[in-house]
Amino acid sequence: MASKKVCIVGSGNWGSAIAKIVGGNAAQLAQFDPRVTMWVFEEDIGGKKLTEIINTQHENVKYLPGHKLPPNVVAVPDVVQAAADADILIFVVPHQFIGKICDQLKGHLKANATGISLIKGVDEGPNGLKLISEVIGEHLGIPMSVLMGANIASEVADEKFCETTIGCKDPAQGQLLKELMQTPNFRITVVQEVDTVEICGALKNVVAVGAGFCDGLGFGDNTKAAVIRLGLMEMIAFAKLFRSGPVSSATFLESCGVADLITTCYGGRNRKVAEAFARTGKSIEQLEKELLNGQKLQGPETARELHSILQHKGLVDKFPLFMAVYKVCYEGQPVGEFIRCLQNHPEHM
C-alpha cells in the first residue's frame with residue numbers, strides 16, 4: 001500500500017499543536033509519507049515571511065512560540081499547492097474562513113482524498129443547522145470525519161496528557177486516523193456518531209462564554225457549575241432537535257462532550273475573553289486583539305448562528321442560556337442580567 005500523504009489546512013495555535021503530533025507520527029510510521037505539508041496564511045513577522053521562519057527555525061513564532069515543530073512539517077503559503085497531493089486533509093482554521101478555503105480547493109484535490117475537521121463551529125443551512133464537516137464534504141466532495149475533545153492547544157503542545165474523540169463512520173478510516181494522531185499523551189477514542197461529536201465541539205464554546213461572564217461578574221463555583229450543567233442540557237436538547245441520526249447520551253460522556261465543556265469553561269480562550277468583557281466593558285473585537293494576538297473567538301459567532309437557526313424554527317425560548325450569550329454579545333443586553341437566564345431556566349419550571 002502506498003504511504004498516505006497528509007496536509008494540515010491551517011497553522012494557528014491548534015493547527016501548529018496538531019502539526020507537532022502528526023509530523024512526529026508520520027516520520028515514524030510506514031503507512032504515512034514523512035513529508036507533511038501545512039498551509040500557512042502568509043504573514044510578515046519582523047520583516048520575514050512566517051513560512052520561511054517555520055521552514056528554517058521549525059517554530060511557529062506567532063501562534064505557537066516556544067515549541068519546535070518536526071522538520072518534516074513543511075509550511076506552504078498556497079493552500080492549493082499544500083493540498084494537491086494529499087490523501088488525508090486535516091482542517092483546522094477558524095470556522096468563519098472555511099467557505100473561502102473550500103472555494104479555493106475545489107477541483108484541485110486527489111480523487112480519493114479524505115478529510116478530518118478539527119473546527120469547532122456551526123453554519124446556517126437552508127434547513128437550519130449545517131455542520132462544518134458537512135460544509136467541507138459538500139464543497140469538496142470528500143468523505144469527512146471529525147476530531148473534538150478537551151484539548152487546549154498549548155497543553156497538547158506541552159505534551160500534557162489529554163484525551164480526544166474522533167467521530168468517523170468508517171471503522172477502517174477511523175483506525176487510520178487514530179494511528180496518525182495518537183501518542184502516549186494524546187489518547188483517542190473513535191466513535192461512529194460523527195454529528196454528535198461535532199455538535200459538542202461547536203456548542204461548548206457558547207457555554208464557555210457564559211462561564212466567563214460568570215467569572216467576570218464575580219459569581220462563585222456553584223453558579224459556574226450550574227452554567228456548565230444547564231449548558232450541557234441545552235447542548236443535548238439542541239442535538240436531539242437538529243440531527244436526524246441517533247444522538248446517544250454516551251457520546252456526551254466522551255472527551256468531546258462533558259470533558260471538553262469543563263476544560264473550556266475553566267481554561268479556554270472563550271472564557272478568558274468573556275470574563276474580560278464582563279469586567280472591562282471593552283468590545284469582543286478589542287479584546288481579541290489584546291488577549292488573543294488577533295485570533296478569532298468562536299463562541300459569540302456560534303451564538304449568533306444559533307440565534308438565527310432557533311429564531312427560524314421558533315425555538316428561541318427553549319434555549320435561554322444560548323440566547324442570553326447572544327443578547328449580551330450582539331444586542332447590548334447588560335452582562336449583569338446574564339444571571340436571569342439561569343434563574344428562569346425551564347429546567348427548574
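Placed from the backbone N, Cα and C atoms, the Cβ positions cover glycine too.
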Binding-site annotation, Swiss-Prot, NAD(+): partner of G10, S11, G12, N13, W14, G15, A153, K296, Q298 in R35, R187, R269, R271: R269
Among K110, K120, K130, K160 - the residue Swiss-Prot places in the same substrate site as R269, N270: K120
Candidate with the highest Cβ count within 10 Å, taken from the recorded positions K289, K296: K296
Cα-Cα distance linking K204 (active site, proton acceptor) and G10 (NAD(+) binding site), given in Å to the nearest integer: 22
CB within-chain contacts under 8 A for K120 (substrate binding site), separation at least 6: H95, M148, G201, A202, K204, N205, Q298, T302
Spatially closest candidate among G12, R269, K296, the listed binding-site residues, to K289 (N6-succinyllysine) (Cα to Cα): K296
